Structure formats: C-alpha cells, structure tokens
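The following features are taken from TrEMBL:
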ACT_SITE  B:Lys204  active site, proton donor
BINDING   B:Leu10, B:Gly11, B:Leu12, B:Gly13, B:Thr14, B:Val15, B:Gly16, B:Ser17  NADP(+) binding site
BINDING   B:Lys104  NADPH binding site
BINDING   B:Glu189  L-homoserine binding site
DOMAIN    B:349-424  domain 'ACT'
There are 2 protein chains.
Amino acid sequence: MKKRLNIGILGLGTVGSGVLHILKEHQEKISQVTGYTMGIKTALVRQIEKHQNQTDIHLTTDVETILKDPEIHIIVEVMGSIEPAKDYILQALKQGKHVVTANKDLIALHGNELTQVAKENHCDLYYEASVAGGIPILRALVDSLAADNIKKVMGIVNGTTNFMLTKMAKNGLSYEAVLAEAQALGFAEADPTNDVDGIDAARKMVILSRLAFGMNLPLSAISTGGIRSVTATDIQIAHQLGYTIKLIGAAEEQNGTIHGMVGPMLLPNEHPLSGVNNENNAVFVTGSSVGETMFYGPGAGELPTATSVVSDLITVAKNIRMHTTGDGFSHYQHETKLTAKEDIQAKYYLRLNMTDQTGTFLKLTQLFAAHQIGFEQIIQQPFDQNSAMVIIITHQGSKEQLDQAIAGLESDSDMVLKARFDVLEESICTKDY
Amino acid sequence: MKKRLNIGILGLGTVGSGVLHILKEHQEKISQVTGYTMGIKTALVRQIEKHQNQTDIHLTTDVETILKDPEIHIIVEVMGSIEPAKDYILQALKQGKHVVTANKDLIALHGNELTQVAKENHCDLYYEASVAGGIPILRALVDSLAADNIKKVMGIVNGTTNFMLTKMAKNGLSYEAVLAEAQALGFAEADPTNDVDGIDAARKMVILSRLAFGMNLPLSAISTGGIRSVTATDIQIAHQLGYTIKLIGAAEEQNGTIHGMVGPMLLPNEHPLSGVNNENNAVFVTGSSVGETMFYGPGAGELPTATSVVSDLITVAKNIRMHTTGDGFSHYQHETKLTAKEDIQAKYYLRLNMTDQTGTFLKLTQLFAAHQIGFEQIIQQPFDQNSAMVIIITHQGSKEQLDQAIAGLESDSDMVLKARFDVLEESICTKDY
C-alpha cells in the first residue's frame, strides 16, 4: 500500500473547495505520478456549520490543530490577504511543514522573507497559483526557460479588467456599464480598486520579475495605471488604427537593469495577446534565444487555480519521495538594478481636447518637436462647438522626454489630456515576411 | 570552483550549433541554476574540416571517442533520423550516460524502448525539443498539468505547413506557389512529403499522447491527412463562414479510450489557434479541471530548439546534483485503448463539384439524410457551364456515418468530392457571455 501524505488546508472558499475536488477526482493519476496517496486531513474554516455538509474531512476553527499536528506534512494556504496567512505560513515552515500557497499579495510583498525561512527549515514553498491561475507560467520561467536569458515578460494577468475591456470592445459599452456587469457576474468586487487601478496586476509583475530576471522589482518602482480612463471611443479609434487595447503588465531587462509598468496598452491586432479575451490571462515571454512564447489560459476560477495548487502539491510529493525538499523554487538571483528613466523607451497614444482656434495645433506640434518626439499618426475630429478631439500616436522615444512634452501639454490651458496609454512597438510575431 | 559536467554532442548542424551558442552565452545563469559549469567536450561530425573554424571544441568522426569517454556525463543527440541515432543512444545509456535528444521520429517510434533502457541503466532521457521546438509543452504536460485529467491535446505542430497556410490566406496564393516560396526560404524541404502530408505532425501527436494520456497511440491509428488538397478557394470560403483553416493534430480521450487525427481543420476565427501564424507552433490543451490552456511559440529554428535542449540539460544537471537521475520523465501510464470508430464524433467541411442538373442536389441531400447527417451551412456556386461547386458544413455526427455518406457520394458519378476537412465544434474560449 502506498504511503499517505496528509495535507492541512487553511481556507475552504472557492479555491480550497477546488483543491478538495481535484485531489478526490484525480486521485488515481496523482497517486501514480507521485507514488503517494494524498488527502486533506484537516481544514481551517471560520464557521464549521457552513461547511459541515460540504465535506467529511475534519474541520477546525483553531489553526493550532493543523500546525501542531505531526501527521500533517503539507499546508495549503488559500485564505488570501497578508495576515494572518503570513503568520500561519511562517509557523508551519518553522514546524518543518511544506507550504503551497495561492496568495499573490503575500508572495509579492513578502516572498523573499518566506523563501528564506523555507530554506532555513529545509521546506518547500511553492506558489504557482499566485499568478495567472491555471497557467503554469512560474514553472515555465523557472524550469523550461532556465536555459534562456529572458528579456521581457508581458502579460494580461488580471481577468476582471480583461473581461471588462473585451466587453467594451465587443459591445461598445462604457467603463461604468461593464463594471456593473462584471460585478453582477461576480468577476469584479464591490470595491474594484485593486483590479481596475492595476494594483493586482502590478503585484503579479513583482512575482514574475523575481523568477524571470532574478531581481526584486519593488512595487513602488512599477509605473502603475488602470483602465478607468479607457473609453469606448479609445477602443474604437485604436481598432481603426490597427490596435487592441489591453491592460498589460510588462517588465523588461535592459543592460542588466529592469523596469516595469502596468497600464492600458495598444497592441497590434495581429499580436497574440490581442486575441486573449474575456476573463482569460496570458503571459508573453521574450527570451534572447527562444524568441517569443506565450502561455494562455484561465486566469482565475475554482478549478483552474486549484489545478495549479495541486500541481505544486505533486511537486512537493515528488520531492519528498526523492528526499530533495527545501531546494528552493528558483536559484536564479541578481542584484536588483532599476533602469534609469532616461534609458526607458516608450511610445504613446494620447487623446486630448484642444480649443479649436488658430495656433493651438501649432503649439502642440512645437511642444513635441522641442522634446524631439515625432508623431506616427494624428487624427483630429470636432469634439464640440469650441473644441476638437486630437488623437496622437507618437514615435518611440525616451520616456523622460515624452513625459516632459506631456507635462508641457498639461500646463497649457488650451489643451486637456484625456488619456495616455502605452503603445507596443512591433514585435517579431506581428512582422510579415 | 564548481564541478564541470561534460557533454558529448552527436551532430553539429543547425540545432547543435545553437546548443553550443546557448551553453556559452548563458553560462552564468546555467551555472547558477544548476550548480555546475556545463560545456561540450567533444562533437561527432561527418567532416571535421567543415567545422574547424566554427568552434574550438574537440571534433571527431568516430562516435566511440564520445561513447567510451568516461569524462563525458551527458550525450546530446541532434543528428536526426532513426539510425544510427538509436544505436548510439542505446550504447550511451548502457554506458551510464544521460541522454537529451531532439529527435521526434526516434522518440515517436522507439520512445518506449529507449525509456525502458534508460530506466534499467538509471539514466535520464529527455526530449523536450522533439515537439514544438522552443515551446516547453512536454514538461507542462508532465509537471504542471499532472494534477489534471487531460481530455484533449490539439495543436499546430508543423511550422512548414503553418507558414504555407498563413501565406495562402494572406496573399490568396495557391498551394504550389507557397510551397515554392517555403522551399526558397528553407522552411520546406525539396521533398516536402513529411510536412505537407501530415506525417511529421502525426509523429508529434504520438509523443504528445504518450505524455498527456499515458497511452501509446500507434502512428497507424492516427487518421492522417495533409494540406495538398487545401486551395485558396477553401481558405477564402472558410473565412467568409467565420473559420480559419489550419493543419491540426488532435488527440482526445473519451471514456478511457483515445483517438487521434491530423488534417486540415476549420477553426472558428476567434479560437486562439486561429491567430497562430507563419512558422509558429501552438499546443492547445483541454483539461477536465483547468479548462483550456494554450502554449505558443517558435516551432523550429536553431536557437528556439536549442533552448529546449539546454533546458533538458539543466534538468539532468539538477538531477545529478540531487542524486535523482533515472527517475523517468513521466510516471503516468495506462493501458492503451483506442476509441471505436462508431464512437468518434466529427463535423466536416466538404467541397464538391456536382453536375448541374435537376435531381442531383436532391440525391445529395437524400444521401446524407439516409445516414442521419444534417447540414449546418450550404453554399452552391456555378463552377463551369455544366457543373456547380457545393460547399457543405455538416452538423456534428458519428464519424462512421459521415464517412459512409461520403463513400456514397464518391460512388455517384454526378458528384466529385474535392476536399473534406474537419471542423472544430465551438469551444469554451470562442463562446460569448
């Protein structure tokens, strides 16, 4: 008979229930690939009554029951938030228990500390489910792309906002209308700030950067914007110009330094990320050797996220069998150096309203010329009786100079900047032969 | 100082040169993640003179120099073809050397035997580069999706034909014209049979099926078609009907049985595989829990394929460090059962020429009705003075009944079947809310 590995699970919400389901449904395969039977022994819940009919596993409201149980080998943390999850995980690691977590906030903010404690206690700590739900992107970066020098990681890593932008594009709806719809469907929370302002995506970029570049990109160094300023008009005009607007998180290496951003970005329609719709996620990785690869799939949801948690559990089980636990998820580390602002290149989409009088347009072009920023495309349309709407796609230039030109624009009372989004320069996959 | 792992490489063509390049360029990262310095000690080549200026590593025309060298720990086989590659690999494994190969033909046809010999000799045998070049799909199936029951694997796994179909679609060119262009660019061989008739793709489906389902789908059981019968007309009509034609390899599990096919397939335009263009590859995996994921990237080429080879080398090096070599790439195995033909569902696109006289169309509809196959869409256009071109997209039905209806059609002198392609039923990712 195969030896049993006991799991203690902290939290029995959506993802926790999914983990329960998968461990039960796929037990034959899991047992074959790991050499163990794996099952949840005890679950930490807030209210025992709420879950009594859901499962026959042991329920507790006291975390000590799990942390002090010598029969429990692995802890799955799917509570979310920083505390008390962090405290519980630290205690578990110090007791010699391996940990699998889906907690992106915790890993983004305290991943290094937790990794260090795991190492000191010869324990495994895995967190595949913390980024892009069911997409095995972290393992791909650490294992499969280990042979390559990764130059750029760029992704649609927030399902809520991707659902919203897809709806806006397909049905010509406003931000407010799709937000209400996303909330009604349970894709967006009552307070959508974390999603729509790009905060969730920025946290995921911290985790992706750590594994892709071996560096710690601080959250505060990620230039972070959200989708509140995206209008149906922007989406429609971008489409006419050959672009699709997506909320993109990107981190890029440049001469040993890195920089990151989150914000709405215009992608060429032929770019693989442009076709990633609804609540799906995708991460596009550029390596100096492999070129461009993309990993696509469900970014959230009970079973997809739980699949990633269970794949981590399988890895821990294999490590236990091979006596190789505690080796760490990634060995790739570099001193973190941030790219100086003057070295960052960018290309912008700008939408502004301008008083419709002789000379304003000249002022605008003089302003950009003074900062050596050229225009790739310009569209001017009447906005109302006294003003015009102007859309500009700039050429690529220094981000610092671009931002100086924009500061000049914002200080001119004849012009009002309504939207400023990044534009992706052509990449290999959108080029023709 | 770090211990050195010596590699012997069999073949120094495109992929071999790429491996050389990557091991040199990325040595710092590779050394950090593995704990070893890795380098090629000796290369087996056909003509030493040809490579003397290319590299300063030791060149030999005698394989024994490598196989009998006790300082060489790992063999990289990038010669291609079955023999003598198979013989060399068997000898290497029996000498206790680990093997990394990019040889899809060998792994498709003799993978089980080689895996068995590797196991008996406690050696590693990895072959990530054998399917879809730079895309880490095999490791994703074995590690990341181990937690899931995989239901279907479907992919664009042949870059040559995808390049050709992309060109035909974009420029309205004929099969013959794009074949000539692909040959001129070096994407297609002088004898393109293996690519254009789907043989290469079928071999890759054998490998994918083995890892996805733990079963051995014999090459002879894969219904295999190629792109010779695809015309610019088909591509254009399909596009009008909302579909993109791609050469698809698919393998699907159904109640513990599997079946596979390779052939041109009409995919809904919104399907992520529809946007995979030029020589790129992508593998679309459906799991019972994770849902739909896709892995996209370069399917061939010097550096992408070499990246996969080197990622396997890194895995071997980690296994050596952890003393866990010889554990096998995949532990997932099932008795192979093929799906009975009457249980396979299909949906077809048919293009036929029909004599333009009263009653022929009635005969056609009666024929399909007799086999209980309904039509989803029909287009009839004049072809020449005496005949009409008819395009049919059937409803989904039993493949056996569909094929019987088609046999009836082919035995009728008033109808000539010009093309028969599969049509993908709608999947989750193409559905709207």
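Each Cβ is built from the backbone N, Cα and C atoms, and glycine gets one as well.
Source: prediction; values computed, not measured.
On the structure: features taken from TrEMBL.
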residue  : record               : contacts (Cβ under 8 Å, 6+ apart)
B:Leu10  : NADP(+) binding site : B:Ala43, B:Leu44, B:Val63, B:Ile66, B:Ile75, B:Val76, B:Glu77, B:Val78, B:Met79, B:Ala85, B:Tyr88
B:Gly11  : NADP(+) binding site : B:Ala43, B:Leu44, B:Val45, B:Glu77, B:Val78, B:Met79, B:Gly80
B:Leu12  : NADP(+) binding site : B:Leu20, B:Ala43, B:Leu44, B:Val45, B:His51, B:Gln54, B:Thr55, B:Leu59
B:Gly13  : NADP(+) binding site : B:Val78, B:Met79, B:Gly80
B:Thr14  : NADP(+) binding site : B:Gly301, B:Glu302, B:Thr305
B:Val15  : NADP(+) binding site : B:Val78, B:Ala102, B:Ala129, B:Glu302, B:Thr305, B:Ala306, B:Val309
B:Gly16  : NADP(+) binding site : B:Ile9, B:Ala43, B:Val76, B:Val78
B:Ser17  : NADP(+) binding site : B:Gln54, B:Glu302, B:Ala306
B:Lys104 : NADPH binding site   : B:Tyr127, B:Ser130, B:Val131, B:Asp200, B:Arg203, B:Lys204, B:Ile207
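Within the same chain, residues at least 6 positions away in sequence whose Cβ sits under 8 Å from that of B:Glu189 (L-homoserine binding site) are B:Gln183, B:Asp195. Note on the domain 'ACT' (B:349-424): its mean pLDDT in the predicted model is 91. Residues B:Leu10, B:Gly11, B:Leu12, B:Gly13, B:Thr14, B:Val15, B:Gly16, B:Ser17 make up the record's NADP(+) site, and a Cβ search at 8 Å around their centroid adds B:Ile9, B:Gly18, B:Val19, B:Val78, B:Met79 from the same chain. Sorting each residue of the domain 'ACT' (B:349-424) by its DSSP state yields 23 helix, 34 strand, 19 coil. Take the CB of the residue listed as 'active site, proton donor' and look out to 10 A: across all protein chains shown you find 25 other CB atoms.
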